[in-house]
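Step one of this worksheet: look at the structure below.
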Amino acid sequence: MKDTINPKTNLKEDSISHRYIKSVIDKVKKINNNEEKFIQAVEEVLNSLEPVLSRYPEYIETNILERFCEPERQIVFKVPWEDDMGNIKVNRGFRIQFNGAIGPYKGGLRFHPSVDLETIKFLAFEQTLKNALTGLPIGGGKGGSDFDPKGKSDGEIRRFCESFICELYKHIGKDIDIPAGDIGVGKKEIGYLFGYYRRIKGTFENSVITGKDLSYGGSLIRPESTGFGIVYFCREILNHFKEDIYGKTVALSGFGNVSWGVCKKIAELGGKVITLSGPDGYIYDAKGVSTKEKIDYLIEMRNSGRDKIEDYSKKFNVPFFSGEKPWKVKADIIIPCAIENDIDLNSAKDIVKNGVKYLCEGANMPCTNEAINYMRENGVIIGPFKAANAGGVAVSVLEISQNNMKLSWSKEEVDLKLNEIMVNIHKNIVSISSQYGFGYDLISGANIYGFMKVAKAMYMQGIY
Ligand code: GLU
C-alpha cells in the first residue's frame with residue numbers, strides 16, 4: 001500500500017478523499033472524452049479539494065463532487081439568419097445552466113468562431129465557482145454561438161441576435177437565468193437581444209440581462225468593471241508583499257474590453273502597460289498604453305472589426321511582432337486578457353526565466369495546467385481568473401440591484417462597491433487557503449472557497 005504524504009496537504013495520497021477525487025476525474029474523463037478544456041478545468045479544481053473532502057466526509061457520502069461536475073441543463077439550438085446579400089446562414093447557439101444551487105444561473109454570452117459545446121461547458125463550470133466567490137447569490141451559466149461578428153454589418157448582427165433570442169428567451173428570466181456579454185458580445189448586441197426579448201414577451205424586465213446601455217437600466221462602471229476588478233485584485237496581491245502598482249510594468253495580452261479596463265486603471269495607478277496582443281501578433285510600447293488617446297484607440301480598433309493589433313503599431317509608431325505572443329517580454333506583472341490557453345508550458349518557461357514575480361489572470365483559463373504548475377513551482381504568484389476577473393459579473397449583480405430598486409448609483413458608488421468585493425474575495429481566499437494548510441496559495445484558496453459555498457447549498461437541498 002502507498003503511504004506517500006502530500007507535503008502541501010499533509011494527507012496520505014491513498015486517503016479516501018484522494019481516491020474519491022481520482023474516481024470522479026476518471027468518470028468525468030470517460031463520459032466527456034474529447035472535451036479537453038472541460039477536463040482541464042475539472043482536474044485543476046478537483047485537485048485542490050482533498051483536504052475539504054477529508055474534513056467533510058458527508059460530501060463524499062452524498063457524491064457531491066460528481067454532481068458538481070455535471071451541468072444541470074445544456075441547451076443547444078439552431079440560429080438561422082439572413083445576411084445582407086440575402087443568403088440564409090445557420091449558426092449553432094448554446095446555453096449551459098451549470099449549477100443553480102446558490103441562485104439563478106448567471107454568466108455571459110460569447111459570439112466567436114471557436115465556440116462549441118465544450119468551450120461553453122468549461123466556462124459555465126468555472127462561472128459557478130467565480131460567481132460563488134463574489135459572495136453574491138448567483139449560480140453559474142454560460143452561453144454563446146460560433147457566429148463571428150467580425151466583419152459583419154450592424155444589420156447582420158441585429159438579425160443574428162434577434163434569431164438567437166427567439167430561442168433563448170424560453171430559457172431565461174430574472175429568477176431563472178440572467179445572461180450578459182463576453183467576447184464578441186457588447187452593449188450593441190445586448191441592446192438587440194433585450195429589445196427583441198421585450199418585443200416577444202411584451203414586458204419590460206430589464207434585470208433579465210446585464211451589460212445594458214445606461215439609457216434603459218445599465219450600470220455605470222459595468223464596461224470597465226472586469227478590467228478594474230482585475231487591477232484591484234492584483235493590487236491586493238502586491239499589497240500582501242508590501243508592493244504597489246505604481247511604477248510597475250505590465251505585459252498584457254488582448255486588446256478587447258477587459259484589456260481596455262486594465263489599461264485605464266493601471267495608468268490611473270501609475271503603472272505602465274507595455275504590450276498588447278491580437279490574433280496577428282503583439283505590440284511593444286515602451287512609453288506605456290497610458291494616454292487617453294491610446295486607451296480610447298483600443299475601442300476604435302474593436303469597433304473597426306479588423307481585429308489587428310498591428311493598427312496600433314502604425315498609429316503610435318511602436319514595434320509590432322507578427323505572429324508572436326508577448327510572453328518573452330520582461331515585465332513586473334503579467335496579465336493575460338485574451339482567450340483560454342494563451343500561456344502554455346514554453347511561455348511559462350520564458351516568464352520564469354525573465355524573473356516575473358506576479359501573474360494575474362484576466363481572461364478565463366488563460367494558462368494551461370502545465371504552465372500553471374511550472375510557474376507555481378518556480379515561485380510565480382498567480383492570481384486565478386475565477387477570483388481576479390469576478391468584478392465583471394459582480395457589477396452585473398449591482399446592475400440588477402439598481403434595476404430592482406429602480407434607482408442608479410453614481411460611478412463612485414459602484415466603483416467603491418466593486419473594490420470592496422475584490423478586496424473581500426482576496427481576503428476570503430487567502431484565509432481559507434492558509435486554514436487548509438496551503439499558505440498563500442490563491443489558486444487552492446479560490447477553488448476551495450468557491451466549492452465550499454456551492455457544496456454546502458447542494459448538500460442542504462437534498463439530491464440535485
Ligand atoms: N462574461 C463575464 C464573465 O466571464 C461576465 C458575466 C456576467 O456579467 O454575467 O464573468
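FYI, residue positions are counted from 1 along the chain as it appears here.
From the backbone N, Cα and C atoms, a Cβ is placed for every residue, glycine too.
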Additional site residue, G181, G184, G186 [criterion: listed by TrEMBL with K106, Q127, K130, S396 for substrate]: G181
Cβ within 8 Å of the mean position of the Cβ atoms of K106, Q127, K130, G181, S396: remaining residues of the chain near substrate: G107, G108, N131, I138, G141, K142, A180, T210, G392, V393
In three-state DSSP terms, the structure that G181 (substrate binding site) belongs to: coil
Neighbourhood of S396 (substrate binding site) by C-beta distance under 8 A, where only residues 6 or more apart in the same chain count: K106, I178, A180, T210, G211, R222, S225
Contacting recorded positions for ligand 1, chosen from K142, N257, S396 when the Cβ sits under 6 angstroms of any of its atoms: S396
K142 (active site, proton donor) as reference: those binding-site residues from Q127, K130, T226, N257 with C-alpha within 10 Å of it: Q127
